[in-house]
Amino acid sequence: SICSEPKKVGRCKGYFPRFYFDSETGKCTPFIYGGCGGNGNNFETLHQCRAICRA
């Protein structure tokens with residue numbers, strides 16, 4: 001499941017505010033995505049994160 005993947009900032013130096021599902025807390029948490037090399041646990045909105053990961 002993408003919701004159990006770790007937060008992955010990526011190797012690029014962009015600045016994209018995103019959300020990931022933190023499986024330890026059971027919550028969608030904000031983080032800054034670098035723009036490339038991430039994984040599926042990377043959502044543009046809090047609503048999208050909550051809808052997919054049922055947070």
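Heads up, the Cβ atoms here are built off N, Cα and C, so glycines get one too.
Swiss-Prot records a disulfide bond between Cys12 and Cys36, which is the match among Cys28, Cys36, Cys49. Bond annotation: of Cys3, Cys49, only Cys49 is listed by Swiss-Prot as forming a disulfide with Cys28. Cβ neighbour count for Cys53 (disulfide bond) (all protein chains, 10 Å cutoff from its Cβ): 21. The disulfide-bonded residues Cys12, Cys49 differ in how many other CB atoms lie within 10 Å of their CB, and the one with the most is Cys49. Sorting the disulfide-bonded residues Cys28, Cys36 by the number of other Cβ atoms within 10 Å puts Cys28 first. Of the recorded residues, Cys3 (disulfide bond) and Cys28 (disulfide bond) place their C-alpha atoms 10 Å from one another. Of all Cβ atoms in the protein chains displayed, 18 besides its own lie within 10 Å of the Cβ of Cys3 (disulfide bond).
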